[in-house]
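The next block holds one structure in the form of structure tokens; read it before the comments.
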Amino acid sequence: MGVSLFFEKIWKWLLGLGRDQYVLYLFGCVTFSMGAAFFIASNLGTDPLDVMALGLVKHLPLTVGLAQGGFAALCLLVYGLWNRTRPPLSPFFTFFFCGSLIDLWMNLHFVERFVGLSPFPMMLAGVVLCAYGSSLIIMSGIGIRAMDLVALTMVRRWKLPFWLCKGVMEVLLLAAGWVLGGPIGIGTIFFLAFVGWLIQPLIWINTSYLRLEDYGLKQARVQSPAS
């Protein structure tokens, strides 16, 4: 109880610095990018999206960034058609913002200099940080990643839990990447097994114990489907 109260007070102080949605979003991006840096530094595998992108570049004249951007555009197209609305551009900002932060952590050699962990614990730390960062970005309701927007639409329309919608999409990504020849490691399996599935429980912890407002997943549940 004392620990949760301590973190609740920290969050209240941080949220008092500005509009709470933007603070959630900023801290989500920073946390996610740091988790990705841990994951990359562990050298134990890539996430399902990277598996798909690396497999795709073996067959098409693309870079990994272009392949990932193309997948994000496809998700936004699906989101727009499914909801009969203009797709938001903010996911692309999140894509480039998080990518720039990952580059910053890697160029500073942050993980190697300040974290004395062996590869496996480093990978586990990356999984937890990526999941928690994703939960904050979704809770902010702004700049939600393109694939998460599709998952939130599935939640709203089909009344399924978010972890299931996100998990199914990542399994399909991993399968497509494997067929295309993308690399799969133990880190890939851990990312698939835990990141997507941890997001919804972490959102519950944030709302129940840290008293953070959920501007993303909660709205997805209560909004009525577009006709």
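Positions of Cβ are set from backbone N, Cα and C atoms, glycine also.
Over in TrEMBL, the protein carries these features:
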- 22-42: transmembrane segment (TRANSMEM)
- 62-82: transmembrane segment (TRANSMEM)
- 89-108: transmembrane segment (TRANSMEM)
- 120-139: transmembrane segment (TRANSMEM)
- 160-180: transmembrane segment (TRANSMEM)
- 186-205: transmembrane segment (TRANSMEM)
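Sequence-remote contacts of a segment are chain residues at least 6 beyond its ends whose Cβ falls under 8 Å from one of its Cβ atoms, and for the transmembrane segment (22-42) they are 14-15, 94, 97-99, 101-102, 104-106, 110-112, 115, 119-120, 122-123, 125-140, 142-143, 187, 191, 212, 215. Simply put, out of 89-108, 120-139, 160-180, 89-108 has the most Cβ pairs sitting under 8 Å from the transmembrane segment (62-82).
Counting Cβ pairs under 8 Å to the transmembrane segment (186-205), the stretch among 89-108, 120-139, 160-180 with the most such contacts is 120-139.
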